[in-house]
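Here's what TrEMBL has on this protein:
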BINDING   Cys121, Cys123, Cys131  Zn(2+) binding site
ACT_SITE  Lys198  active site, schiff-base intermediate with substrate
BINDING   Arg208, Arg220  5-aminolevulinate 1 binding site
ACT_SITE  Lys251  active site, schiff-base intermediate with substrate
BINDING   Ser278, Tyr317  5-aminolevulinate 2 binding site
Amino acid sequence: MDISSILQGGYQHPVSRAWQSPRQLTKSMLMYPIFITDDPDAAEEMTTLPGQRRWGINKLEGFIGPLMKKGLKSVILFGVPMKAQKDPKGTLADDPNGPVILAIKKLRSLFPDLFIACDVCLCEYTSHGHCGILHEDGTINTPPSVERIAEVAVNYARAGAHCVAPSDMMDGRIKFIKQGLMDASLANKCTLMAYSAKFASALYGPFRDAVMSAPSFGDRKCYQLPPAAKGLARRAILRDAAEGADIIMVKPSLPYLDIIADAAQLAPDHPTACYQVSGEFAMVHAGARAGVYDLKTMAFETVNSMVRAGAGIILTYFTPDFLDWLDE
Ligand code: PBG
Ligand code: ZN
(Lines of atoms letter the chains of each structure in order from A and count residues from 1; the text may use other names and numbers.)
(Lines give C-alpha, C1' and ligand atoms only; values in the text may rest on other atoms or scores of the structure.)
(Ligands and ions follow the chains in the order given, each with its own letter.)
Protein backbone atom coordinates (compact mmCIF):
# COMPACT_ATOMS: atom_id res chain seq x y z
CA MET A 1 0.00 0.00 0.00
CA ASP A 2 1.19 3.56 -0.70
CA ILE A 3 1.92 6.02 2.11
CA SER A 4 -0.71 8.34 0.62
CA SER A 5 -3.41 5.64 1.02
CA ILE A 6 -3.38 5.80 4.79
CA LEU A 7 -5.93 8.23 6.25
CA GLN A 8 -7.20 6.35 9.30
CA GLY A 9 -4.23 7.29 11.46
CA GLY A 10 -5.62 10.82 11.55
CA TYR A 11 -8.97 9.95 13.13
CA GLN A 12 -8.43 6.89 15.32
CA HIS A 13 -9.39 8.64 18.61
CA PRO A 14 -12.42 10.82 19.58
CA VAL A 15 -10.08 13.76 20.20
CA SER A 16 -8.32 13.49 16.84
CA ARG A 17 -11.70 13.00 15.16
CA ALA A 18 -12.83 16.37 16.56
CA TRP A 19 -9.67 17.97 15.11
CA GLN A 20 -10.83 16.93 11.65
CA SER A 21 -13.75 19.40 11.84
CA PRO A 22 -12.33 22.88 11.37
CA ARG A 23 -15.47 24.33 13.00
CA GLN A 24 -17.54 22.59 15.62
CA LEU A 25 -21.08 23.09 16.84
CA THR A 26 -21.21 25.32 19.91
CA LYS A 27 -24.13 26.51 22.04
CA SER A 28 -23.81 30.10 20.81
CA MET A 29 -24.57 28.97 17.23
CA LEU A 30 -28.06 27.82 18.25
CA MET A 31 -31.16 29.99 17.89
CA TYR A 32 -34.32 28.46 19.34
CA PRO A 33 -37.67 29.10 17.54
CA ILE A 34 -40.48 29.58 20.05
CA PHE A 35 -44.22 30.10 19.62
CA ILE A 36 -46.08 32.73 21.65
CA THR A 37 -49.85 32.73 21.75
CA ASP A 38 -52.45 35.20 23.03
CA ASP A 39 -53.66 33.16 26.00
CA PRO A 40 -51.19 34.35 28.67
CA ASP A 41 -51.31 31.05 30.57
CA ALA A 42 -51.05 28.69 27.60
CA ALA A 43 -48.63 25.77 27.43
CA GLU A 44 -50.30 23.79 24.65
CA GLU A 45 -48.47 20.83 23.20
CA MET A 46 -48.36 20.54 19.43
CA THR A 47 -48.65 17.01 18.10
CA THR A 48 -46.82 17.73 14.83
CA LEU A 49 -43.76 19.23 16.60
CA PRO A 50 -42.66 16.75 19.28
CA GLY A 51 -41.90 18.46 22.60
CA GLN A 52 -42.72 21.99 21.37
CA ARG A 53 -45.55 24.08 22.79
CA ARG A 54 -47.48 27.30 22.19
CA TRP A 55 -46.57 29.42 25.20
CA GLY A 56 -48.40 32.24 26.92
CA ILE A 57 -46.30 35.14 28.20
CA ASN A 58 -46.91 34.20 31.84
CA LYS A 59 -45.13 30.89 31.19
CA LEU A 60 -41.97 32.33 29.64
CA GLU A 61 -39.99 32.57 32.85
CA GLY A 62 -40.52 28.91 33.73
CA PHE A 63 -39.88 27.81 30.15
CA ILE A 64 -36.80 29.90 29.25
CA GLY A 65 -35.20 30.22 32.71
CA PRO A 66 -33.93 26.62 32.89
CA LEU A 67 -32.68 26.82 29.29
CA MET A 68 -30.68 29.98 30.10
CA LYS A 69 -28.98 28.04 32.90
CA LYS A 70 -27.99 25.40 30.35
CA GLY A 71 -26.43 28.01 28.03
CA LEU A 72 -29.24 29.22 25.76
CA LYS A 73 -28.08 32.38 23.95
CA SER A 74 -30.85 33.29 21.50
CA VAL A 75 -34.47 32.73 20.53
CA ILE A 76 -36.62 33.67 17.55
CA LEU A 77 -40.24 34.51 18.32
CA PHE A 78 -43.30 33.53 16.30
CA GLY A 79 -46.70 34.97 17.21
CA VAL A 80 -49.75 32.72 17.18
CA PRO A 81 -53.01 34.64 17.56
CA MET A 82 -55.73 32.14 18.52
CA LYS A 83 -58.50 34.42 19.79
CA ALA A 84 -58.15 37.72 17.92
CA GLN A 85 -59.78 38.46 14.56
CA LYS A 86 -57.41 38.40 11.52
CA ASP A 87 -57.73 40.87 8.62
CA PRO A 88 -56.28 41.20 5.07
CA LYS A 89 -53.44 43.52 6.19
CA GLY A 90 -52.23 41.56 9.19
CA THR A 91 -52.98 44.35 11.67
CA LEU A 92 -52.40 41.90 14.55
CA ALA A 93 -48.72 41.43 13.65
CA ASP A 94 -47.59 44.49 15.61
CA ASP A 95 -50.54 44.88 17.97
CA PRO A 96 -48.97 46.58 21.01
CA ASN A 97 -50.91 44.14 23.21
CA GLY A 98 -50.28 41.16 20.95
CA PRO A 99 -48.15 38.18 21.95
CA VAL A 100 -44.92 39.13 20.12
CA ILE A 101 -44.57 42.70 21.41
CA LEU A 102 -45.49 41.62 24.94
CA ALA A 103 -43.06 38.70 24.78
CA ILE A 104 -40.17 40.91 23.59
CA LYS A 105 -40.66 43.23 26.56
CA LYS A 106 -41.11 40.40 29.04
CA LEU A 107 -38.06 38.46 27.84
CA ARG A 108 -35.88 41.60 27.82
CA SER A 109 -36.73 42.31 31.43
CA LEU A 110 -36.50 38.69 32.61
CA PHE A 111 -33.32 37.74 30.76
CA PRO A 112 -31.08 40.74 29.94
CA ASP A 113 -28.44 38.48 28.32
CA LEU A 114 -30.81 36.72 25.92
CA PHE A 115 -30.59 37.70 22.23
CA ILE A 116 -34.17 38.13 21.01
CA ALA A 117 -34.95 37.79 17.31
CA CYS A 118 -38.43 38.11 15.82
CA ASP A 119 -39.69 36.46 12.69
CA VAL A 120 -41.37 39.14 10.58
CA CYS A 121 -44.19 38.00 8.33
CA LEU A 122 -47.88 38.59 7.78
CA CYS A 123 -49.14 35.03 7.18
CA GLU A 124 -49.86 34.28 10.85
CA TYR A 125 -51.96 37.44 11.00
CA THR A 126 -53.75 37.75 7.64
CA SER A 127 -57.27 36.42 7.07
CA HIS A 128 -56.09 34.88 3.75
CA GLY A 129 -52.92 33.36 5.21
CA HIS A 130 -50.54 34.80 2.59
CA CYS A 131 -47.26 36.49 3.55
CA GLY A 132 -48.06 39.86 1.97
CA ILE A 133 -50.93 42.15 1.02
CA LEU A 134 -52.95 40.99 -2.01
CA HIS A 135 -54.45 42.49 -5.13
CA GLU A 136 -58.13 41.73 -5.69
CA ASP A 137 -57.19 38.82 -7.96
CA GLY A 138 -55.26 37.20 -5.10
CA THR A 139 -51.75 37.98 -6.39
CA ILE A 140 -49.16 39.75 -4.23
CA ASN A 141 -49.24 43.57 -4.25
CA THR A 142 -45.56 44.25 -3.60
CA PRO A 143 -45.32 47.97 -2.65
CA PRO A 144 -47.89 47.95 0.19
CA SER A 145 -46.59 44.54 1.32
CA VAL A 146 -43.00 45.72 1.83
CA GLU A 147 -44.23 48.92 3.44
CA ARG A 148 -46.35 46.99 5.94
CA ILE A 149 -43.61 44.43 6.62
CA ALA A 150 -41.08 47.21 7.27
CA GLU A 151 -43.56 48.86 9.65
CA VAL A 152 -43.97 45.62 11.59
CA ALA A 153 -40.19 45.10 11.74
CA VAL A 154 -39.59 48.62 13.04
CA ASN A 155 -42.28 48.15 15.69
CA TYR A 156 -40.59 44.95 16.90
CA ALA A 157 -37.27 46.81 17.03
CA ARG A 158 -38.94 49.66 18.96
CA ALA A 159 -40.28 47.13 21.47
CA GLY A 160 -36.71 45.95 22.04
CA ALA A 161 -36.05 43.10 19.57
CA HIS A 162 -32.30 42.65 19.01
CA CYS A 163 -32.96 41.22 15.56
CA VAL A 164 -35.73 41.26 12.97
CA ALA A 165 -35.92 38.41 10.49
CA PRO A 166 -38.28 38.84 7.54
CA SER A 167 -39.47 35.47 6.20
CA ASP A 168 -42.05 36.82 3.75
CA MET A 169 -39.87 36.74 0.60
CA MET A 170 -41.35 39.93 -0.89
CA ASP A 171 -39.01 41.68 -3.34
CA GLY A 172 -37.19 44.66 -1.89
CA ARG A 173 -38.21 44.24 1.74
CA ILE A 174 -34.67 44.16 3.10
CA LYS A 175 -33.95 47.64 1.77
CA PHE A 176 -37.29 48.94 3.07
CA ILE A 177 -36.74 47.49 6.53
CA LYS A 178 -33.19 48.83 6.73
CA GLN A 179 -34.41 52.28 5.71
CA GLY A 180 -37.23 52.05 8.27
CA LEU A 181 -34.75 51.17 11.01
CA MET A 182 -32.54 54.08 9.95
CA ASP A 183 -35.47 56.52 9.97
CA ALA A 184 -36.39 55.34 13.48
CA SER A 185 -32.75 55.69 14.65
CA LEU A 186 -32.67 51.95 15.33
CA ALA A 187 -30.39 50.70 12.54
CA ASN A 188 -27.45 50.49 14.96
CA LYS A 189 -29.50 48.71 17.60
CA CYS A 190 -31.17 45.99 15.58
CA THR A 191 -29.71 43.20 13.45
CA LEU A 192 -31.41 42.44 10.15
CA MET A 193 -31.39 38.72 9.41
CA ALA A 194 -32.75 38.03 5.93
CA TYR A 195 -34.46 34.78 5.04
CA SER A 196 -32.71 35.21 1.68
CA ALA A 197 -32.88 31.80 0.05
CA LYS A 198 -36.20 30.51 1.34
CA PHE A 199 -37.63 27.77 -0.82
CA ALA A 200 -41.26 26.75 -1.44
CA SER A 201 -40.72 23.54 0.50
CA ALA A 202 -42.94 20.65 1.57
CA LEU A 203 -41.17 20.82 4.94
CA TYR A 204 -43.18 23.68 6.51
CA GLY A 205 -46.31 21.57 7.22
CA PRO A 206 -45.90 21.08 10.98
CA PHE A 207 -45.15 24.80 11.42
CA ARG A 208 -48.26 25.84 9.49
CA ASP A 209 -50.33 23.49 11.66
CA ALA A 210 -48.70 24.91 14.78
CA VAL A 211 -49.40 28.54 13.95
CA MET A 212 -52.41 28.01 11.67
CA SER A 213 -50.83 30.00 8.84
CA ALA A 214 -51.59 27.81 5.81
CA PRO A 215 -52.83 29.98 2.91
CA SER A 216 -56.62 29.76 2.54
CA PHE A 217 -56.20 29.51 -1.26
CA GLY A 218 -53.31 28.97 -3.66
CA ASP A 219 -49.72 28.43 -2.51
CA ARG A 220 -46.53 30.43 -1.93
CA LYS A 221 -44.76 29.49 -5.18
CA CYS A 222 -44.81 33.03 -6.59
CA TYR A 223 -42.69 34.36 -3.71
CA GLN A 224 -40.83 31.44 -2.11
CA LEU A 225 -38.14 30.05 -4.43
CA PRO A 226 -38.55 26.97 -6.65
CA PRO A 227 -36.63 24.12 -4.93
CA ALA A 228 -34.38 23.46 -7.94
CA ALA A 229 -33.54 27.14 -8.55
CA LYS A 230 -29.87 27.49 -7.62
CA GLY A 231 -29.37 30.63 -9.72
CA LEU A 232 -32.31 32.49 -8.17
CA ALA A 233 -31.09 31.53 -4.70
CA ARG A 234 -27.64 32.93 -5.46
CA ARG A 235 -29.16 36.16 -6.83
CA ALA A 236 -31.39 36.52 -3.75
CA ILE A 237 -28.37 36.10 -1.45
CA LEU A 238 -26.38 38.77 -3.31
CA ARG A 239 -29.39 41.10 -3.49
CA ASP A 240 -30.16 40.89 0.23
CA ALA A 241 -26.52 41.44 1.16
CA ALA A 242 -26.50 44.54 -1.06
CA GLU A 243 -29.83 45.76 0.40
CA GLY A 244 -28.48 45.87 3.94
CA ALA A 245 -28.93 42.41 5.47
CA ASP A 246 -26.61 41.76 8.42
CA ILE A 247 -27.08 37.96 8.31
CA ILE A 248 -27.97 35.77 5.34
CA MET A 249 -30.24 32.78 5.97
CA VAL A 250 -30.98 29.67 3.93
CA LYS A 251 -34.15 27.67 4.60
CA PRO A 252 -34.84 24.71 4.78
CA SER A 253 -31.41 23.28 5.53
CA LEU A 254 -30.77 19.60 4.89
CA PRO A 255 -32.02 19.47 1.27
CA TYR A 256 -30.23 22.79 0.57
CA LEU A 257 -26.69 22.28 1.87
CA ASP A 258 -25.26 23.40 -1.48
CA ILE A 259 -27.09 26.71 -1.09
CA ILE A 260 -25.70 27.13 2.45
CA ALA A 261 -22.22 26.62 0.98
CA ASP A 262 -23.06 29.12 -1.79
CA ALA A 263 -24.21 31.71 0.78
CA ALA A 264 -21.00 31.29 2.78
CA GLN A 265 -18.99 31.80 -0.40
CA LEU A 266 -21.09 34.59 -2.01
CA ALA A 267 -21.39 36.67 1.18
CA PRO A 268 -18.21 35.65 3.01
CA ASP A 269 -18.25 38.75 5.19
CA HIS A 270 -21.78 38.09 6.49
CA PRO A 271 -22.65 35.38 9.01
CA THR A 272 -24.47 32.50 7.33
CA ALA A 273 -27.56 31.15 9.07
CA CYS A 274 -29.76 28.18 8.23
CA TYR A 275 -33.14 27.03 9.51
CA GLN A 276 -33.67 23.36 10.27
CA VAL A 277 -37.42 23.69 9.73
CA SER A 278 -40.38 21.96 11.33
CA GLY A 279 -40.62 19.19 8.72
CA GLU A 280 -36.91 18.41 9.06
CA PHE A 281 -37.28 18.20 12.85
CA ALA A 282 -40.39 16.01 12.52
CA MET A 283 -38.58 13.81 9.99
CA VAL A 284 -35.62 13.17 12.32
CA HIS A 285 -38.07 12.30 15.11
CA ALA A 286 -40.23 10.08 12.89
CA GLY A 287 -37.22 8.12 11.64
CA ALA A 288 -35.97 7.60 15.17
CA ARG A 289 -39.41 6.41 16.29
CA ALA A 290 -39.49 3.98 13.36
CA GLY A 291 -36.15 2.54 14.44
CA VAL A 292 -34.23 3.82 11.41
CA TYR A 293 -31.56 5.54 13.54
CA ASP A 294 -30.80 6.86 17.00
CA LEU A 295 -32.35 10.32 17.56
CA LYS A 296 -29.32 12.05 19.06
CA THR A 297 -26.86 10.59 16.54
CA MET A 298 -29.05 11.70 13.64
CA ALA A 299 -29.72 15.14 15.11
CA PHE A 300 -25.96 15.72 15.37
CA GLU A 301 -25.36 14.35 11.88
CA THR A 302 -27.88 16.77 10.34
CA VAL A 303 -26.67 19.85 12.21
CA ASN A 304 -22.99 19.00 11.70
CA SER A 305 -23.66 18.82 7.96
CA MET A 306 -24.93 22.41 8.14
CA VAL A 307 -21.85 23.56 10.05
CA ARG A 308 -19.66 21.75 7.50
CA ALA A 309 -21.50 23.50 4.63
CA GLY A 310 -20.68 26.87 6.20
CA ALA A 311 -23.48 27.80 8.63
CA GLY A 312 -22.46 29.65 11.80
CA ILE A 313 -26.01 30.18 13.09
CA ILE A 314 -28.52 27.35 13.19
CA LEU A 315 -32.21 27.83 13.95
CA THR A 316 -33.44 24.51 15.32
CA TYR A 317 -36.18 23.01 17.47
CA PHE A 318 -33.47 20.66 18.79
CA THR A 319 -31.86 23.56 20.69
CA PRO A 320 -32.96 22.39 24.19
CA ASP A 321 -31.68 18.88 23.38
CA PHE A 322 -28.34 20.18 22.09
CA LEU A 323 -27.88 22.27 25.23
CA ASP A 324 -27.96 18.96 27.14
CA TRP A 325 -26.09 16.87 24.59
CA LEU A 326 -23.22 19.36 24.20
CA ASP A 327 -22.55 19.00 27.95
CA GLU A 328 -22.23 15.20 27.82
C1 PBG B 1 -43.72 32.31 7.82
C2 PBG B 1 -42.72 31.26 8.18
C3 PBG B 1 -42.76 29.90 7.87
C4 PBG B 1 -41.68 29.32 8.52
C5 PBG B 1 -41.00 30.35 9.16
N6 PBG B 1 -41.66 31.54 8.93
C7 PBG B 1 -43.74 29.11 7.12
C8 PBG B 1 -44.03 29.37 5.71
O9 PBG B 1 -43.33 30.16 5.06
O10 PBG B 1 -45.00 28.81 5.23
C11 PBG B 1 -41.34 27.87 8.52
C12 PBG B 1 -40.71 27.38 9.78
C13 PBG B 1 -40.77 25.91 9.97
O14 PBG B 1 -41.32 25.15 9.15
O15 PBG B 1 -40.23 25.48 10.99
N16 PBG B 1 -43.47 32.97 6.63
ZN1 ZN C 1 -45.28 34.13 5.91
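Glycine residues also receive a Cβ, built from the backbone N, Cα and C atoms like all the rest.
Any TrEMBL annotation is an automated prediction that lacks curation.
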When the Cα-Cα distance from Lys198 (active site, schiff-base intermediate with substrate) is computed for each of the recorded positions Cys131, Arg220, Lys251, Ser278, which gives the smallest value? Lys251
Nearest to Arg220 (5-aminolevulinate 1 binding site) by Cα distance: which of the recorded positions Cys121, Cys131, Lys251, Ser278, Tyr317 is it? Cys131
Whole-number Å value for how far Ser278 (5-aminolevulinate 2 binding site) lies from Arg208 (5-aminolevulinate 1 binding site) (Cα to Cα): 9
Filter the candidate list Cys121, Cys131, Lys198, Lys251, Tyr317 of recorded positions, keeping only entries whose CB is under 6 Å from an atom of ligand 1. Cys121, Cys131
Cys121, Cys123, Cys131, Lys198: which of these recorded positions put a Cβ within less than 6 Å of any ligand 2 atom? Cys121, Cys123, Cys131
Considering Cα atoms only, can you say which of Cys121, Cys123, Cys131, Lys251 is the nearest neighbour of Tyr317 (5-aminolevulinate 2 binding site) among these recorded positions? Lys251
Would you list the other residues of this chain near Zn(2+) - those whose C-beta lies within 8 angstroms of the C-beta centroid of Cys121, Cys123, Cys131 - in sequence order? Gly90, Leu122, Glu124, Thr126, His130, Gly132, Ser167, Asp168, Ser213
Based on Cβ atoms within 10 Å, give me the single least packed residue among the binding-site residues Cys121, Cys123, Cys131. Cys123
Cys131 (Zn(2+) binding site) to Lys251 (active site, schiff-base intermediate with substrate) - Cα separation in whole Å: 16
Which of these recorded positions has the least crowded Cβ, counting other Cβ atoms within 10 Å: Lys198, Arg208, Arg220, Lys251? Arg208
Can you tell me the three-state DSSP label for Arg208 (5-aminolevulinate 1 binding site)? helix
Would you mind reading off the Cα separation of Lys251 (active site, schiff-base intermediate with substrate) from Ser278 (5-aminolevulinate 2 binding site), to the nearest angstrom? 11
Within 10 angstroms of the C-beta of Ser278 (5-aminolevulinate 2 binding site), the count of other C-beta atoms across all shown chains comes to 24
Including all protein chains displayed, how many Cβ atoms other than that of Tyr317 (5-aminolevulinate 2 binding site) lie within 10 Å of its Cβ? 24
Where Ser278 (5-aminolevulinate 2 binding site) sits in the secondary structure, as DSSP reduces it to three classes: helix
